[in-house]
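As written in Swiss-Prot, here are the features:
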type	residues	note
DOMAIN	33-74	domain 'CHCH 1'
DISULFID	CYS36-CYS66	disulfide bond
MOTIF	36-46	motif 'Cx9C motif 1'
DISULFID	CYS46-CYS56	disulfide bond
MOTIF	56-66	motif 'Cx9C motif 2'
DOMAIN	75-118	domain 'CHCH 2'
DISULFID	CYS78-CYS110	disulfide bond
DISULFID	CYS88-CYS100	disulfide bond
MOTIF	100-110	motif 'Cx9C motif 4'
REGION	133-159	region 'Disordered'
COMPBIAS	146-159	compositional bias 'Basic and acidic residues'
Amino acid sequence: MPGIVELPTLEELKVDEVKISSAVLKAAAHHYGAQCDKPNKEFMLCRWEEKDPRRCLEEGKLVNKCALDFFRQIKRHCAEPFTEYWTCIDYTGQQLFRHCRKQQAKFDECVLDKMGWVRPDLGELSKVTKVKTDRPLPENPYHSRPRPDPSPEIEGDLKPAIHGSRFYFWTK
């Protein structure tokens, strides 16, 4: 029926949460962006095309899974330098990177040595990229309404306006 909204079940919505603070997210942002680029862009493309978050639950679960795997790898291989780095960011008043360059260098070195991840250059993750996806294109990606007939038939005779043109207020 057109007026009934189908809501997902609780089992469909159940995922493990990424329970971390903003300082941890900020410290890991560059490497996370490089490692989880594809699932994040797939999810954002789905959200933009579908305009309905219920249709993008699977893509959202993949984003969450990638984030959890990413932070587990960081914890397993580079926990100490990463903790020093995000703690430094957390203790600076405005969470600025410039006060923590030494800790950042240690963390980047650890990530490069143990996992082979290179910190992306500034602006590399914000470049426009094409997303290759296996999802089918939505039937109506812009959610536009059907266009009306350009020149509808006018029914009956049209009479001139009673007071003439309404263009000027002083016309009768």
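Cβ coordinates come from backbone N, Cα and C, glycine included.
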Just the number: how many Å between the Cα atoms of CYS66 (disulfide bond) and CYS78 (disulfide bond)?
17
Applying a 10 Å Cβ distance cut-off over all chains shown, what neighbour count does CYS56 (disulfide bond) have?
22
Nearest-integer angstrom distance between the alpha carbons (Cα) of CYS110 (disulfide bond) and CYS36 (disulfide bond):
19
Please report how many Å separate the Cα atom of CYS78 (disulfide bond) from that of CYS88 (disulfide bond), as a whole number.
16
By Cα-Cα distance, the member of disulfide-bonded residues CYS36, CYS46, CYS56 nearest CYS100 (disulfide bond):
CYS36
Long-range Cβ environment of CYS46 (disulfide bond), under 8 Å and at least 6 residues apart:
ARG55, CYS56, GLU59, ARG135
Going by DSSP assignments with H, G and I as helix and E and B as strand, what are the residue counts for the motif 'Cx9C motif 4' (100-110)?
11 helix, 0 strand, 0 coil
Measuring Cα to Cα, how far is CYS88 (disulfide bond) from CYS36 (disulfide bond) in Å?
24
On the 0 to 100 pLDDT scale, where does the domain 'CHCH 1' (33-74) sit on average?
94
